[in-house]
Structures are given as C-alpha cells and as structure tokens.
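Per TrEMBL, the features are as follows:
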TRANSMEM  15-36  transmembrane segment
TRANSMEM  57-73  transmembrane segment
TRANSMEM  93-111  transmembrane segment
TRANSMEM  123-142  transmembrane segment
TRANSMEM  148-168  transmembrane segment
TRANSMEM  180-202  transmembrane segment
TRANSMEM  222-243  transmembrane segment
Amino acid sequence: MASWNSVPLEVTYQVFGWLTFISWGISCYPQVILNFRRKSVVGLNFDYEILNTIKHWSYLIYNASLFFSPVIQKQYFDKYGYQQMIPVAANDVAFSTHSVVMNLVVLFQLAIYERGNQKFTKYAISIVAIVCIIYSICFFIALPSHSWLWLISIFNSIQVCMTIIKYFPQAFMNFLRKSTDGFSIGGVLLDFSGGVFNYSQMAVQSIDQGSWVNFYGNMGKVLISLVTIVYDSILMLQHYVLYPEKKGVTCSKNYKEIKQPLISESPIPIDQQIKDSVPAQEV
C-alpha cells in the first residue's frame, strides 16, 4: 500500500474529509428539526426519503467493507496495484453510519407526524424491491468465487443510481406545488458543501500520488459528489429564484383562517347581524 508523499497534502486530505462529514452530517438535522417543530412532514417527499435510505445503506456496506476487510483490500490491490491507496477514508465510514441512523429517524417521523395525503408511490416501492432482488442475485453470484470486491462495487454503483434518482421526486414535487415550503433549504446548502469537500478530498489524494486511480477505483464517491452538487444547485434555484414568494404562503393562510373568531366581537347584537345579512325580499 502506498504512503503519502506530502504531509501538508495528507493534512489537507484529512481536513477536507472531516469537513465533508460535518457538512453532510449536519445536513440531516435541519429537516429533522423542521419536522419536529411543525409536527408535520407535509411538503417532504416520501419517495425521496425511502430512496435516500436505500442509498445510504448501500454506501455504508461499500465503505465499511473496503475500509475494514483485509480480504477485500487485497482484492482491490490485486486489481489496481499495491502502489495505490485505499480510496475510502474513516470519514466516509463515519458519514455513512451517521446517515443511515438519521434516515431511520426521518422514516420514524413520517410514521408519527401529520402527513396529509402523502404516501410512498408504487414506483418508489418497485425500485426498492428491484434493488433488493439485484443485491440477492449478485450475492449468490459472488459467493462461489468470493468476488467480494465486485459485489461491493455493485452496491457502490447502485448507491450512485439512488443518488441520481432520489432528488428527482422532491424537485418535481416543488415544481408541481410551485413552492419549497416544508422542505429545509439548510440541509441542501450543507449537502452542497459536503459534495464540494468530498470531491476536493479525492483531488488532493490524486495530486499527492500523481495518479487518478483513486477516481476510477471509487467512481461511486466521485459521482455522488458531482450528482449532489448538480441536484442541490437545482433545489437552491427553486428555493431562492423560482419560488421565493411561495414559501409559507399556505401555512400563513391557514393560520389566519384559524385566528378568525368564531363569534363576532362587533357591538351590534347577533340577531341584528343575521337580519342585516339576509337580503331584503323584493316587493
């Protein structure tokens, strides 16, 4: 296994890595807090959350396996060369673990809070079922030859696919509602920052090693950064440019209606109010 050639670049690599963990880790909390304060998940797309959960489980399996398993690490070096570095860092494992836990928290909120007429669509459920079938088939294919690196690469590829499609339901829902009310923009900003830091971390490693092997040796990490940056840019465009005046309109309107008194506070007697409200009959 290769070692670092530059101490400053190694330090920079670690800094970018943990900045990624902090940004992506904290990005989970604004939505959780918003749901808790509103006691409602109206405006949060359910398909986004279930696809996001599958995505993070897949990424955790890939990161933890490649980071901790000597067997899989040996298979990686046999394929890419022993002069290369493992493209998974401790912050990747920490981020994946934290994300899985936080997504379970959000799923719990979907179950207990007011959700209107929102539910998981049959398309999202079908995607989850197909992914589970693919995982099962690939496991039994890899089992006889112990092709574990190939197997976790499948997990990594699928988590990229989940990343590509998971943002679409929320972006499309915002488009239909012409509003981003109920969807936390704070999480999007932190998610965007995490994508930038994550890509920068890989670039620093490549510069130090004078090789781009870590990029195509972990295409999942590369693509998750780029896809995150692109989709978060779309969500920020919706929030700040396309639908800025729509935020809170529905909630504000409902709140005003609730505040209307059931009984008029006018000094005019109620029977007189009723009489005045009835149009006079024509003679």
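Glycine is treated like the rest: Cβ placed from N, Cα and C.
Sequence-remote contacts of a segment are chain residues at least 6 beyond its ends whose Cβ falls under 8 Å from one of its Cβ atoms, and for the transmembrane segment (123-142) they are 46-47, 50-51, 54, 58, 148, 150-151, 154-155, 158, 162, 165, 169. Touching of the transmembrane segment (93-111) and the transmembrane segment (15-36) is concluded from the presence of at least three CB pairs under 8 A, sequence neighbours closer than 6 excluded.
When each of 57-73, 148-168, 180-202, 222-243 is checked for Cβ pairs under 8 Å to the transmembrane segment (15-36), 180-202 comes out on top. For the transmembrane segment (148-168), the neighbouring stretch richest in Cβ pairs under 8 Å, chosen from 57-73, 180-202, 222-243, is 57-73.
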